[in-house]
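**Q** Checked TrEMBL, it gives:
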ACT_SITE  2  active site, nucleophile
ACT_SITE  601  active site, for Fru-6P isomerization activity
DOMAIN    2-217  domain 'Glutamine amidotransferase type-2'
DOMAIN    282-421  domain 'SIS'
DOMAIN    454-596  domain 'SIS'
Ligand code: F6R
């Protein structure tokens, strides 16, 4: 969380910093700030709230200088305020930071005892104060930054800028990603390659524990033991058109609409040969695996929860799933013949990464499904399967979720083949169904007008329940999560059969209950649970296919018709109405759909 950027350019730095921060705003939008060195003098501008406030401030009060650093904040220590906004400055040094300094209290106490005056409540200011103390003691900027970095515990990506030095940035990475961009006699630093895209696509990624001395002449990288190391320069493949809204009102709307096309890309990538599933040869032989562990956070966790049904039913393999933040501290035993699979859109989620590191050396295979191929999770896995959703900018994950599901479905079929649980005819049937999925997704998207209409009523509700059974249960959870995060309406997802064990007490005519019920082998059971809700004056919105609506639609408050789909693929298809209901409810409420309050897209703190 938080986005950081640094520029040593030929032109004025502030506009470039703001442009790069626009691409990092998905990481947080509590405040933003920039600092530059002009005529040897360090100066900064900071503003509360979104980046636009900083841009306005820079119009009123411009900041000159061709060397600078910038930051967009997701608050961890200290409320969103100008004094807590980055860059933090102590005397001749300014710093921007992404992450958390875990030992900052001890460091702050030590510095205060030494006479330091703090102007903010942040952990980051400790870094600037430590570095300033080293400079006062006579250290050079490089030495002062090195000694400072060595004292920091926790997770961080940092960039330092020094008074009197307009050709120097010091960057450091421990636990949070950092990219160095190479220009033509210019150099850049950014939280990711996307931020640097307008300036350069030539990127060197720092490795864990690295720190770097950046000047316009190039970069020198040192590892955690201060030994100079060579890190390769790579070419980041970023399609600039993915960064716009493409005529849609919100990124989320664009990303929902893109799903048929990106899922076609996923299918094309993993089924090139037509009659087989093409998975990397480095994947384990699933016939030699006795246990699969799936770990992720949030929406990516619901993809894992859905996949548990698929893997268990198709492969007979025991599957454990867990939320990364719980898994990592539970010390779960990991026996032999275990594969651990981590799912993450960003590939940088701190808890998922920590869970992966816990399993490394314990599980026989560390696999991942990530949307960002250069991410830490992808790079630290033995096999990383790309999600291929393209850049996802809306904070609420949509297309990444359905692409994760599609990759997981293909992987489950691949494992089923290897374990002798899926013959040629069954595979062919599933592949045919998968190839029909983009068309079905288009039909589901065609229901948007009806969904928008019911959403206007949903927007009046205080609480909403989502129900589903079997593999539709995680979709109910995902529907509730999506609605909560962008409309701020309280919502809960339940397994339909669980309702009568407590939550049915919530049902009254003011609480809409959204039921995902494709006509699958569990349809009748789900409908019975729905009847229990209706018998208590519950206001049911039934999402089903034509057959399901004929059978169970009468008496419900509203219905949404989905095309008929094989039960195997129903979770992917029903993700569409879940997303559209949340989207249109949020639009009706007038919330900030792409950047909902309190959230950030890349969760790089615990
Ligand atoms: C919800 C959402 C989050 C993420 C979660 C994990 O819409 O986007 O719940 O799914 O923060 O993020 P990644 O997938 O980047 O690990």
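Cβ atoms here come from the backbone N, Cα and C positions, even for glycine.
Note that TrEMBL annotation is computational and uncurated.
What you are looking at is a predicted structure, and each value in this text was computed from that prediction instead of being measured.
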**Q** Measure from the CA atom of the residue listed as 'active site, for Fru-6P isomerization activity' to the CA atom of residue 2 (active site, nucleophile) and give the result in Å, rounded to a whole number.
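**A** Here the two Cα atoms are 10 Å apart.
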**Q** At a 10 Å cut-off from the C-beta of residue 2 (active site, nucleophile), count the other C-beta atoms across all protein chains.
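**A** Result for residue 2 (active site, nucleophile): 29 neighbouring Cβ atoms inside 10 Å.
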**Q** Per DSSP, what is the residue count of the domain 'SIS' (282-421) in each of helix, strand and coil?
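**A** DSSP composition of the domain 'SIS' (282-421): 59 helix, 28 strand, 53 coil.
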**Q** Let me know how many other Cβ atoms fall within 10 Å of the Cβ of residue 601 (active site, for Fru-6P isomerization activity).
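**A** Total other Cβ atoms inside 10 Å, all chains included: 23.
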**Q** Give the residue counts of the domain 'SIS' (454-596) per reduced DSSP state, in the order helix, strand, coil.
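**A** Across the domain 'SIS' (454-596), the residues distribute as 75 helix, 27 strand, 41 coil.
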